[in-house]
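What TrEMBL records for this protein:
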type	residues	note
DOMAIN	20-106	domain 'Pyrroline-5-carboxylate reductase catalytic N-terminal'
DOMAIN	248-393	domain 'Ferric oxidoreductase'
TRANSMEM	203-228	transmembrane segment
TRANSMEM	248-270	transmembrane segment
TRANSMEM	291-316	transmembrane segment
TRANSMEM	347-373	transmembrane segment
TRANSMEM	385-406	transmembrane segment
TRANSMEM	418-441	transmembrane segment
Amino acid sequence: MEKTTDTFPLTMNSSEEQGTVCIFGTGDFGRSLGLKMLHCGYSVVFGSRNPQKSSLLPKGAEVLSYSEAAQKSDIIFLTIHREHYDFLTELTGVLNGKILVDVSNNLKINQYPESNAEYLAQLLPGAHVVKAFNTISAWALQSGALDASRQVFVCGNNNKAKQRVMDIVRTLGLTPLDQGSLKAASEIENYPLQLFPMWKFPFYLSAVLCVFFFFYCVVREVIYPYVYENKDNSFRMAISIPNRVFPIAALTLLALVYLPGVIAAILQLYRGTKYRRFPDWLDHWMLCRKQLGLVALGFAFLHVLYTLVIPIRYYVRWRLGNQTTTQAISKKENPFSTSSAWLSDSYMALGILGFFLFVLLGITSLPSVSNAVNWREFRFVQSKLGYLTLIFCTAHTLIYGGKKFLSPSILRWCLPSAYVIALIIPCTVLVLKFILILPCVNKTLTRIRQGWERHSKVSNWH
Ligand SMILES: Cc1cc2nc3c(=O)[nH]c(=O)nc-3n(C[C@H](O)[C@H](O)[C@H](O)COP(=O)(O)OP(=O)(O)OC[C@H]3O[C@@H](n4cnc5c(N)ncnc54)[C@H](O)[C@@H]3O)c2cc1C
Ligand SMILES: NC(=O)C1=CN([C@@H]2O[C@H](COP(=O)(O)OP(=O)(O)OC[C@H]3O[C@@H](n4cnc5c(N)ncnc54)[C@H](OP(=O)(O)O)[C@@H]3O)[C@@H](O)[C@H]2O)C=CC1
Ligand code: HEM
Ligand SMILES: [Fe+3]
């Protein structure tokens with residue numbers, strides 16, 4: 001259904017004349033933009049250093065020299081790299097009063113002291129410079145932009161010029177987003193250069209967690225038996241140890257998704273107001289919770305896959321077969337232990353339920369799903385079911401640990417099992433959250449979040 005509204009203006013415009021636009025530069029981006037504009041009913045005139053018509057250029061477009069092309073339209077798209085802008089000063093006469101659209105990107109963040117668009121405005125003070133299109137790739141223009149790349153950030157000092165450009169953006173079936181004056185250009189130019197900014201912290205954190213727990217387990221399970229029993233357990237590095245490291249990373253990261261909310265609540269209680277800014281690290285942490293959660297989900301997936309292959313591992317089949325024959329020879333039977341069966345089944349069940357809710361959290365974070373639920377529903381899944389996920393996964397690990405939990409026999413070189421360490425953060429988060437939802441604490445917190453201030457009489461006049 002949505003598609004019809006999207007294609008509607010396209011079909012209408014192709015039969016309608018939209019006026020002439022000029023494009024400087026016949027490179028990849030210039031040609032893609034020209035083709036798209038021709039499809040949408042514009043007449044396109046290219047400006048080029050060698051105006052012989054190339055077979056690559058879209059059919060129906062005119063190609064002239066830069067100065068001739070500039071005279072054909074009052075709006076000019078510069079699809080040229082910033083490094084080549086200097087020749088434009090020779091055209092100052094024709095470019096005066098025209099709208100110049102700067103689409104350029106740089107190779108590095110803050111490569112130049114000023115943004116490319118501001119540099120262009122300095123070169124040609126008589127022209128109206130508008131920044132736009134730099135986040136749209138030549139490929140997306142041609143292949144029918146995907147949802148995410150439909151947005152075109154636009155900024156400029158002249159309002160009329162900016163509106164003209166935004167009209168063209170709409171005619172091309174894209175969505176313009178007004179970002180204000182040309183001062184915003186440097187930020188807009190940084191967008192396409194950022195490499196997953198929100199993923200950086202989760203990525204480094206999980207790398208650190210994995211490396212730490214991997215070596216921790218190697219010391220306990222490979223080096224220790226080698227030193228004391230001269231046993232070669234190195235094969236454990238392939239599956240056994242990763243199947244500790246990955247679930248531990250999943251559990252820790254999941255707990256770290258909910259820790260900042262708890263810290264924020266404590267901070268609000270302590271300050272007695274919600275009108276003071278959180279420290280930057282907390283702000284940033286809050287903003288990348290989604291990414292932390294998705295990385296955690298990835299690790300949980302790995303844990304499930306590694307767990308599924310346990311029964312077909314050579315080592316496991318060997319141990320089972322060996323045990324059976326040893327028992328047959330000595331004519332002894334292992335008695336069935338109901339409590340062990342209960343422990344084993346209940347930790348598995350908790351793991352499965354925890355994983356199910358984990359996946360549900362992941363599904364609701366897909367834009368198509370989160371757009372379809374209202375704010376309360378989304379909050380319900382992310383916050384309430386999220387805590388339930390954390391409870392299930394923590395209980396899964398606690399019961400897996402079972403009775404042997406803190407007994408000294410499990411220490412090797414004074415190091416407890418890895419999951420004991422992994423349980424510290426999740427248990428802390430759950431205990432703190434439990435305290436926060438106690439009626440007396442929760443009442444104060446709710447009042448603070450509704451705008452009440454403990455010292456309101458003193459600070460009202462601020
Ligand atoms: C797999 C997975 C996917 C995820 N996907 C997403 C995602 O797509 N998007 C996303 O944002 N997070 C996502 N997360 C992160 C996480 O689930 C959410 O950030 C979640 O909302 C955090 O829960 P919280 O209870 O700590 O929330 P908080 O925001 O800390 O809120 C705690 C409670 O306090 C209340 N509250 C908080 N601040 C105020 C206030 N100023 N005024 C009044 N009441 C307030 C809230 O109503 C809430 O009940 C994901 C996590 C995982 C594991
Ligand atoms: N490719 C993409 O997906 C995107 C590109 N951009 C921006 O668009 C601009 C153009 O990119 P793109 O088309 O990929 O680059 P190309 O190198 O393919 O094209 C640049 C064009 O600039 C013209 N030009 C003018 N003067 C010079 C000169 N002195 N030396 C070399 N070329 C010159 C040339 O056209 P002629 O030979 O006709 O004179 C050339 O074809 C850049 O600023 C880029 O950052 C922005 C978003 C996406
Ligand atoms: C289908 C779901 C799941 C199943 C079947 C499952 C099963 C298991 C099994 C069999 C073990 C023991 C591994 C071993 O003996 O080495 C284990 C350990 C563990 N699981 Fe799960 N699990 C599931 C989901 C989860 C989830 C979602 C989490 C948390 C995010 C989690 C966290 C852990 C942790 C921390 C350990 C202890 C790791 C160790 O030190 O050995 N599990 N799980
Ligand atoms: Fe971050």
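The backbone N, Cα and C atoms fix where each Cβ goes, and this holds for glycine too.
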Residue distribution over DSSP helix, strand and coil in the domain 'Ferric oxidoreductase' (248-393): 122 helix, 0 strand, 24 coil
Within-chain partners of the transmembrane segment (418-441) [C-beta distance under 8 Å, separation at least 6 from its ends]: 213, 216-217, 220, 244-245, 248, 251-252, 254-256, 258-259, 262, 265-266, 269, 387, 390-391, 393-394, 397-398, 400-401, 405-406
Stretch of maximal Cβ-Cβ contact with the transmembrane segment (291-316) [cut-off: under 8 Å; candidates 203-228, 248-270, 347-373, 385-406]: 248-270
Helix, strand and coil residues within the domain 'Pyrroline-5-carboxylate reductase catalytic N-terminal' (20-106) as assigned by DSSP: 31 helix, 23 strand, 33 coil
Beyond the flanks of the transmembrane segment (203-228) by 6 or more, those residues with Cβ under 8 Å of it: 196, 234, 236-237, 240-242, 244-246, 248-249, 252-253, 256, 292, 295, 299, 412-413, 415, 417-418, 421-422
